[in-house]
Amino acid sequence: MGASSEIKPPPECPEEAPAMSITGKSESISSMKLDGIHLTESDNWHIGTTPVDIRGKPIPDHRLPKTGGWIAVLFIFGNEMAEKMCYFGLAVNMVLFMFNVMHKPFSGSASLVSNFLGISQVSSIIGGFLADAYLGRYWTIASFTTLYFVGLIGITISATVKAFMPDQNCTQFGLLLGTCDKAKPWQMIYLNTVLYASGLGSAGIRPCVSSFGADQFDERTKNYQARLDSFFNFFYLFVSVGAIAAFTLIVYFQMQKGWGYAFGALAVGMGISNILFFVGTPLYRHRLPGGSPLTRVAQVLVAAFRKRNASFESTEFVGLYEISGNRSAIKGSAKIAHTNDLRFLDKAALQLEEDSPDPWRLCTITQVEEVKILIKLIPIPLLTIVMNLIVTEYLTLSVQQAYTMNTYLGHFKVPVTCMPVFPALSIFLFLSLYYYTFVPLARLFTGHPHGATQLQRIGIGLVFSILSAAWAGILERYRRNYAIKHEFEEVFLSAMPGFSAYWLVIQYCLIGIAEVFATVALLEFLYEEAPDAMRSVGSAYAALAGGIGSFLTTPINNIVKSLTGNEAKGKESWLAMNVNKGRFDYFYWLLAGLSVINFMVFLYVANRYKYRAKQKN
């Protein structure tokens with residue numbers, strides 16, 4: 001659909017579908033025809049809320065019960081579970097693969113993988129844009145999940161075929177000294193290419209899967225809200241299952257069978273999930289893409305700027321522009337009622353007598369409200385960045401701590417690289433009990449049918465992230481003092497037999513509960529609050545916040561190291577390689593302090609936010 005047609009009355013019958021204004025100066029229409037579908041003004045048919053089939057045709061009412069619902073969602077859950085298994089499988093194994101096999105310095109390997117994780121999340125906005133603008137969610141997932149599969153095959157080849165690796169005749173001592181044979185430039189180029197192909201595949205899947213799954217439920221049913229709430233909880237339950245598989249099964253393959261088996265298992269898992277996703281195709285309900293969101297946003301900003309000096313009191317003022325009838329001018333969207341927020345943007349819809357419907361000079365009310373909603377949504381996901389930062393820091397810092405602690409469970413020694421499984425386990429267990437514990441208890445105090453509103457649940461999650469960081473600081477202070485007291489200060493890669501690593505489980509569980517509340521509620525919040533034709537972009541906001549949290553770890557760590565350490569004077573930084581000489585406790589408390597400030601800002605923003613549902617009532 002062209003940019004100009006997004007706000008104009010249908011060109012096939014311009015006299016039958018005139019513009020109207022909110023001042024009441026509107027004309028009625030008897031009927032109009034668009035894209036081969038005949039509609040009348042009495043038709044209560046909204047493109048944004050009516051499911052279509054894979055060919056873009058509305059699904060008749062008699063066929064609706066045979067599509068969508070929980071059966072269709074199960075095929076979609078499988079794809080997300082595999083994506084998360086691969087994402088975390090690469091996160092937990094790739095640093096060691098770069099160091100042990102490709103002979104990259106450990107710090108360089110960690111930075112490379114952190115950047116990969118950050119880019120794969122930040123670039124989710126690309127997947128969301130393509131889904132909302134052109135491809136639709138189904139075809140975006142289908143395309144990018146295939147790219148993900150191809151990238152994983154390429155990584156498996158890199159870990160299996162000797163020609164893609166440097167010479168492996170090297171001792172552990174040589175690895176530490178950096179004297180091993182280095183990877184050739186072309187070998188690193190190949191590995192980075194297939195690695196980032198996987199990251200791009202993940203970026204295309206992540207913003208679409210949750211929205212596509214939610215699309216399978218009919219908004220017109222009475223229990224829609226309850227089903228949607230359940231969907232997002234079960235969705236994150238499958239995310240946790242994928243993470244658990246990555247931190248246990250894939251780590252086992254790596255340790256017992258080798259790198260080729262570990263990465264090959266990820267490729268096989270993604271391949272099976274792709275097959276299941278395509279098998280479920282006849283069951284899916286779809287939403288029409290609405291054209292480029294960026295174009296519509298740009299049109300509103302340009303039109304508002306052009307009319308910045310125009311007055312609503314002018315004698316030439318006709319009204320705020322909107323097309324007549326029940327349907328929106330934007331594919332994939334129902335009409336959005338006018339609000340008084342961000343009034344300067346209303347200039348884009350201000351219709352003067354001499355105006356023609358040029359999309360760069362005059363926009364519909366719905367198009368203007370889309371931009372308002374996107375702007376108002378931004379602060380909420382941004383205020384989860386600090387929580388995502390804590391999660392990312394745990395993936396590296398807590399592993400360093402675990403190397404100095406006893407990881408035995410009875411007679412079985414748990415690999416240190418398996419320790420991040422505990423946040424995933426806590427997420428799985430808490431989500432399993434969520435409806436039997438938190439919801440009934442919270443309902444007694446709030447009276448809310450789901451226990452708490454979405455923003456309240458995000459706030460609860462942020463509180464648990466504060467508690468997690470604070471406890472991490474307390475535990476680390478005790479662990480460090482124990483190491484010094486028992487003369488382990490210099491031996492930072494040897495486990496202290498008398499100090500169990502499972503004290504770390506407390507901070508893992510707290511951050512897991514934080515994710516259950518904040519991340520699940522954020523996904524649900526963005527899906528419901530985002531404009532109909534921009535729901536994938538809205539979901540990408542959550543991934544963008546996660547990506548920024550991953551990116552920030554490197555600069556924050558570097559700043560802390562430079563401010564707290566001095567190599568010339570022999571002063572160790574808070575984040576020293578020797579964790580027994582560093583001050584990880586101070587760093588955790590710094591994160592807790594930042595989280596408190598972040599939470600105070602969140603309270604202010606959340607208190608001022610108005611849900612779209614309240615505006616419609």
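Cβ atoms are placed via backbone N, Cα and C, with glycine included.
Among the features that TrEMBL reports, transmembrane segment is placed at 85-103 (among others).
Sequence-distant contacts of the transmembrane segment (115-135) (same chain, at least 6 residues past either end, Cβ-Cβ under 8 Å): 87, 90-91, 94, 143-144, 195-196, 198-200, 202-208, 211, 289-294, 332, 392, 533-540, 543-544, 546-548, 550-551, 554. Residues or ranges marked as transmembrane segment in TrEMBL: 115-135 (among others).
Annotation source TrEMBL lists transmembrane segment at 147-165 (among others).
Taken from TrEMBL, the feature transmembrane segment applies to 185-209 (among others). Residues 76, 79-80, 83, 86-87, 90, 94, 102, 116-117, 119-128, 130-131, 137, 140-141, 143-155, 157-158, 164-166, 235, 536-537, 539-540, 543 of the same chain lie 6+ residues outside the transmembrane segment (185-209) yet bring a C-beta within less than 8 angstroms of a C-beta in it.
According to TrEMBL, the feature transmembrane segment maps to 230-253 (among others).
According to TrEMBL, the feature transmembrane segment maps to 259-279 (among others).
According to TrEMBL, the transmembrane segment annotation covers 373-392 (among others).
Listed by sequence, the residues of this chain that lie at least six past the ends of the transmembrane segment (412-437) yet keep a Cβ under 8 A from its Cβ atoms are 88, 92-93, 96, 230, 233-234, 236-237, 239-241, 243-244, 247-248, 251, 255, 391, 394-395, 398-399, 402-403, 501, 504-505, 508-509, 511-513, 515-516, 520. The transmembrane segment annotation in TrEMBL covers 412-437 (among others).
Feature annotation from TrEMBL assigns transmembrane segment to 458-475 (among others). Below 8 angstroms of C-beta separation, residues 380, 383-384, 386-387, 390, 394, 398, 452, 503-504, 506-507, 510-511, 513-519, 521-522, 525, 584-589, 591-592, 595-596, 598-599, 602-603, 606 of the same chain, each at least six residues beyond the ends of the transmembrane segment (458-475), sit close to that stretch.
Under the heading transmembrane segment, TrEMBL lists 501-527 (among others).
The feature transmembrane segment is assigned by TrEMBL to 539-560 (among others).
According to TrEMBL, the transmembrane segment annotation covers 586-606 (among others). Here the transmembrane segment (586-606) has Cβ contacts under 8 Å with residues 379-380, 383, 385-387, 389-390, 393, 397, 455-456, 458-459, 462-463, 465-466, 469-470, 472-473, 476, 560, 564, 574-575 of the same chain, all six or more residues outside its ends.
Three or more CB pairs closer than 8 A are found between the transmembrane segment (539-560) and the transmembrane segment (373-392), so contact between the two stretches is assigned (pairs 6 or more residues apart). Remote same-chain partners of the transmembrane segment (501-527), defined as residues 6 or more beyond its termini with a Cβ less than 8 Å from a stretch Cβ, comprise 210-211, 214, 228-229, 232-233, 235-236, 377, 380-381, 384, 387, 390-391, 394, 398, 401-402, 405-407, 409, 414, 416, 419-420, 422-427, 430-431, 434, 454-455, 457-458, 460-465, 467-469, 471-472, 475, 479, 495, 535, 538-539, 541-542, 545. Taking pairs at least six residues apart, the transmembrane segment (85-103) and the transmembrane segment (230-253) share three or more Cβ pairs below 8 Å and count as touching.
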